[in-house]
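Have a look at the structure below before the remarks.
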Ligand code: SF4
Ligand code: SF4
């Protein structure tokens, strides 16, 4: 069948490739993720069902460990992490279209897919966090309420999501027909998308950065730190996805230079991120005169009241340094396996840095000096896992057709196209 | 070629129709009436005006709420009466309160600017204000919600990090007691951050929450430097025998699940010319309430006579809840019980 010009056919192509053309292992993965996702959803409904589904009086967010002292927990923590991953999806695009790297052009679409999956995860995480999600939908027309950072965040996130969906669709559309991407599309696309990527993470940091009520967030370094570590974890996840794609998709090959250049970005971002952490440590432990900030920093770095926070923080510092050192060793960065190892370490390090250790210390001790520890409950972890399963599912569903289209264009005659 | 495109267009239309149908069904499921009411963009100015004028949508909402509350209350009372007997104390009490339920939507009075002050020298940390507040404002009995927190802070260093709100005996001579509730800030960060404009500052200085609009994102809790806002983590429960029937739609009407609430300076009392319950109940008269614009009001006298300060001025929110050190201490300081102050 010859591929013809309509976008609808492209969508059909994506759906067909995503759902109908997989091997056994692929379907098993889909079903596994679906089960986790459904279980998470079931748990969430169990938490929420009181107000929304049955009008019953039991249930509610009280089933989580959140409280007035710690009103934001694991959901918002991972929200921050995935916004970063989405933002960094653009790295491949920049390498490909700003610097014109041919090898990156083959994989740039993966960055868009990752951004789509990550942002959907992010939006779902907010949805499970807020108390009355349906009301939130109804109130959408209020949106351009530009005084609230949450609204800004919603606007840039959905904007970025749309942008990446378009980017992905267009890419698949052209490559599928074995045509190169038109300049008319890609130049404006990358000019808008690149600042948008920084923008989504900056706005996400601004949600907390300027709240006088939470001294530990009152650091002008918060937003840059968000962006820096995002540009370590996002590309690391991209590399992991590439590696898996190479292993499990017949005929898909990526040049080693892609791995190596991405590693430069990862190591560079890690160094900047670690440097920011050092700078904050200096300010807090040497000179700050704000007692609340000091108390919160002690929770964060020394583990008063919440030992797990300190463990995560030191995990970030330790693994971050380890990843940098490994990354600069020639033995490691000259082999694919070595680079993947550094990527995995980086992901763990940034998860430790960007999740609980950013959200929780701002609430312990709270604004009135009250210490109310927070440990995510099994319920919250289950719901978070469910949301992540949906994200990975979307990643999987979209990545395969996208890469197949790329293969049609770049690996002609490799026998990959049906 | 032509035929294929037409085919795909037809397919697209089919899919679109199904999608539209599904979304229509789901919208109806969320209750269309409510949807229509809320599907309009609003400006904060409109909300304030709405709260001020008579015959406003707010008033209509108050009436609807009143009818619903009455229904619910009578059902609850029926239950009590049938289990405890028609002439039991509880049954009579419940019946009485149900009959008295009134939900108001009183607007702010022209030119009034409320403020409150508290004498740190007088306060003995008895927490009666916190208790009265719970009763007056129909706060949930099952969630441990208290709008007023009383902090016990070492006398020589008024630093909130050292505050303890879980003390068990008071007063102690080397401590001061600092009740904290919503400060009704001049520049409230909490209202600024709300993504859906569910909370705003009224012209008379009271910061209110519209429980029907709040989506429970808890951003305002995160933004408030005084920990003044409380979230209903589960469905709040108030026994009808303890229900305060004098209600305001923006104040002490029983709240829904998953909305934020906070002190409103007893909007249901003060807008009718009364004083908040905490002021009334305080056994040592530590609290002063009044109109900042009225030269003869007690609040003006206190500020001019003693000078006042606010908590966390560095937060830049300009609270309208003042603290001052009045003339006398209660209880009197005993010699020898002062802490060493290091000289
Ligand atoms: S004390 Fe808190 S809740 Fe009250 S107005 Fe100020 S910021 Fe808002
Ligand atoms: S919790 Fe309610 S009042 Fe507070 S910011 Fe969110 S929507 Fe607004």
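Each Cβ is built from the backbone N, Cα and C atoms, and glycine gets one as well.
Unlike curated records, TrEMBL annotations are generated automatically.
The transmembrane segment annotation in TrEMBL covers A:26-47 (among others).
Long-range neighbours of the transmembrane segment (A:72-100) within the same chain, counting only residues 6 or more positions beyond its ends whose Cβ lies under 8 Å from a Cβ of the stretch, are 64-66, 107-108, 110-115, 118-119, 121-122, 125-126, 128-129, 157, 160, 164, 167, 186-187, 189-190, 193-194, 197-198, 200-201, 204, 226-227, 229-235, 237-238, 261-262, 265, 350-351, 354-356, 358-360, 363, 374, 376, 380-381, 383-384, 387-388, 391. As annotated by TrEMBL, transmembrane segment applies to A:72-100 (among others).
Residues or ranges marked as transmembrane segment by TrEMBL: A:107-134 (among others).
Positions annotated as transmembrane segment by TrEMBL: A:154-175 (among others).
Look at TrEMBL and you will find A:187-207 (among others) tagged as transmembrane segment.
According to TrEMBL, the transmembrane segment annotation covers A:227-246 (among others).
When Cβ-Cβ distances below 8 Å are used as the criterion, the transmembrane segment (A:258-278) is approached by residues 91-92, 95, 101, 103-104, 106-107, 221, 224-225, 228-232, 235-236, 238-239, 242, 316-317, 320-321, 323-324, 327-328, 333-334, 336, 339, 342-343, 346, 349-350, 353 of the same chain, each at least six residues removed from its ends. Here TrEMBL flags A:258-278 (among others) as transmembrane segment.
Cβ atoms under 8 Å from those of the transmembrane segment (A:313-332) belong to residues 263, 266-267, 270-271, 273-274, 277, 300-301, 338-339, 341-342, 345-346, 348-350, 352-353, 357 of the same chain, restricted to positions at least 6 beyond its ends. Look at TrEMBL and you will find A:313-332 (among others) tagged as transmembrane segment.
Residues annotated as transmembrane segment in TrEMBL: A:339-363 (among others).
Summarising the annotation, TrEMBL assigns transmembrane segment to A:375-398 (among others). Within its own chain, the transmembrane segment (A:375-398) is flanked in space by residues 14, 18-19, 26, 29-30, 33-34, 36-41, 43-44, 46-47, 63-65, 73-75, 78, 82, 113-114, 116-118, 120-121, 124-125, 128, 168, 241, 306, 308, 356, which lie at least six positions past its ends and keep a Cβ under 8 Å from the stretch.
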Any contact, the transmembrane segment (A:107-134) to the transmembrane segment (A:339-363), with at least 3 Cβ pairs under 8 A: no
Within-chain partners of the transmembrane segment (A:339-363) [C-beta distance under 8 Å, separation at least 6 from its ends]: 69-74, 76-78, 80-81, 84, 208, 211, 214-217, 226, 229-230, 232-233, 235-237, 239-240, 243, 259-260, 262-263, 266-267, 270, 273, 277, 296-297, 299-300, 306, 308-309, 312-313, 315-316, 318-320, 322-323, 326-327, 332-333, 372, 374, 376
For the transmembrane segment (A:154-175), distant same-chain residues with Cβ under 8 A (at least six beyond the ends): 7, 10-11, 13-14, 83, 86, 89, 93, 108-109, 112-113, 115-116, 119-120, 122-123, 143-144, 181-182, 185, 189, 192-193, 196-197, 199-200, 203, 398, 401-402, 405-406, 408-410
